[in-house]
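For reference, the structure is listed below as structure tokens.
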Amino acid sequence: MDKRHNPSRRIIAPHGSKLSCKSWTTEAPMRMLMNNLHPDVAERPEDLVVYGGIGRAARDWECYDKIIEVLQRLEEDETLLVQSGKPVGVFKTHNNAPRVIIANSNLVPHWANWEHFNELDKKGLAMYGQMTAGSWIYIGSQGIVQGTYETFVAMAKQHFGGSSAGKWILTGGLGGMGGAQPLAGTMAGYSVLTCEVDETRIDFRLRTRYVDKKATSLDEALAMIDEANKSGKPVSVGLLANAADVFAELVERGITPDVVTDQTSAHDPLNGYLPQGWSLEQAADMRKKDEAAVVKAAKQSMAVQVKAMLALQAAGAATTDYGNNIRQMAFEEGVENAFDFPGFVPAYVRPLFCEGIGPFRWAALSGDPEDIYKTDAKVKELIPDNPHLHNWLDMARERIAFQGLPSRICWVGLKDRARLALAFNEMVKNGELSAPVVIGRDHLDSGSVASPNRETESMLDGSDAVSDWPLMNALLNTASGATWVSLHHGGGVGMGFSQHSGVVIVADGTDDAAARLGRVLWNDPATGVMRHADAGYDIAKNCAKEQGLDLPMLEK
């Protein structure tokens, strides 16, 4: 019997201002862990899977229950240690220390591969935490919508003279991450055709308003895209089909999308990518019988898809890897030029990272959407001269359905994160907000990740694989007083290809919280500016000087 599977469990985080733990600094991680497993948030909550193939919130249900139990008794001067989803110790620390420290999926580099991890996983000795699954700050697909939106806007500026009108995107994957693409694309003015092999995922995205329409044939989907482009009203279509099949067929037909990318769970060939010609049931059965055969077949299909992406690029499509390591998988399968199209970070996002700009997010522990709308207004008030940001907040309110606890994401940088956090804390203190908020981010941020095929691809100084930076980020956030800190391996791109850290902090209206917020929300993005300045980026060097960062080796 799999201790991770229990279809009878239905987890909903408490709402309101009544505590079930001893303080908000322990109530917050409890509610956010539970929120990760909300049926409208998680991909397979009955299996503790939040998103990204097998990205889990806890190792098994026994561990989940014990984590909740410990958080409810944890004192304000104690720290819970969670090792790959298992609560392993409680230690006396102090009230400015994190209440929870998490380490997920970390392996000694020589053994940092899927084969070794899967053996440990089968024995119940490890858990894949992805990025925000095992660090308890996943907020549904909204968590990646703005980053995807910013990328698509940047692509329009770079390739289409700033206008996406009449343009369409071809992509794959409607899971927890990929599900953001159709909404982000239409918000940026494109029509979007997304291939997905699991019909329940298409239906989930329809229900949560991330996808507009469903199609069961390529002809039907293309007709929907064509009609939308003629009418000038962008549409997103979820096509029930294998991405490798569709991408290759478009090449054969001579049909070239304007933008091509992919966000299937290609990072995990065993659990995350359905081989061509296979049914979901067949794949599930084969995983029990012959894992190596599944991996081989999946990677062969990825090779087909990447070859098609290269052909579409040659035909004129703006083509980018959206961070799922599909190029690496195809390269290992013999596609020698798999890396001829760039990753999205070096191509479109890195200038933002140089200024510490990244996916700042917060959630209302009250469960009241009004608390988010009030914080939206506060962001506009404090950052009045950023129409692009204001437009994002307006679109987010209008078009993004909350999943679980109401939350918001907006990309802001070093000079703004601490200001916003302190303002939110003041709103809790004076009663404008009905309960505290938690503030966190994705691990995909400027100073918190080493991932040579994604966030740190093609660094100016060649330091792509240096992972000291996320380790220092986690240690500094711990020293600065974050409420919980996490250090993971393998998120986004799979085992052996990334190390990254997460941070979450509670704004509970107290003066102690204000001091912690000021430190954490300055230091955390500052490490991103530091990392990019150290790599030689002029934007980061200038930002460091403007913001007065003390970087001893930076020329004054």
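Don't overthink the numbers, they just go from 1 along the chain as shown.
Glycine residues also receive a Cβ, built from the backbone N, Cα and C atoms like all the rest.
As annotated by Swiss-Prot, NAD(+) binding site applies to 52-53, Gln130, 176-178, Glu196, Arg201, 242-243, 263-267, 273-274, Tyr322, Gly492. The active site feature in Swiss-Prot is assigned to Cys410; the stated evidence is sequence analysis.
What Swiss-Prot annotates, mapped onto the structure for a quick look.
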residue	record	Cβ within 10 Å
Gly52	NAD(+) binding site	29
Gly176	NAD(+) binding site	29
Glu196	NAD(+) binding site	27
Ala243	NAD(+) binding site	31
Ser265	NAD(+) binding site	28
Tyr273	NAD(+) binding site	30
Cys410	active site	21
Gly492	NAD(+) binding site	26
Cα separation, Cys410 (active site) to Ser265 (NAD(+) binding site) (Å, whole number): 24
Gly176 (NAD(+) binding site): secondary structure state under DSSP, collapsed to three categories: coil
Pairwise Cα distance for Cys410 (active site)/Gly176 (NAD(+) binding site) [Å, integer]: 18
Coarse DSSP state, helix versus strand versus coil, of Tyr273 (NAD(+) binding site): coil
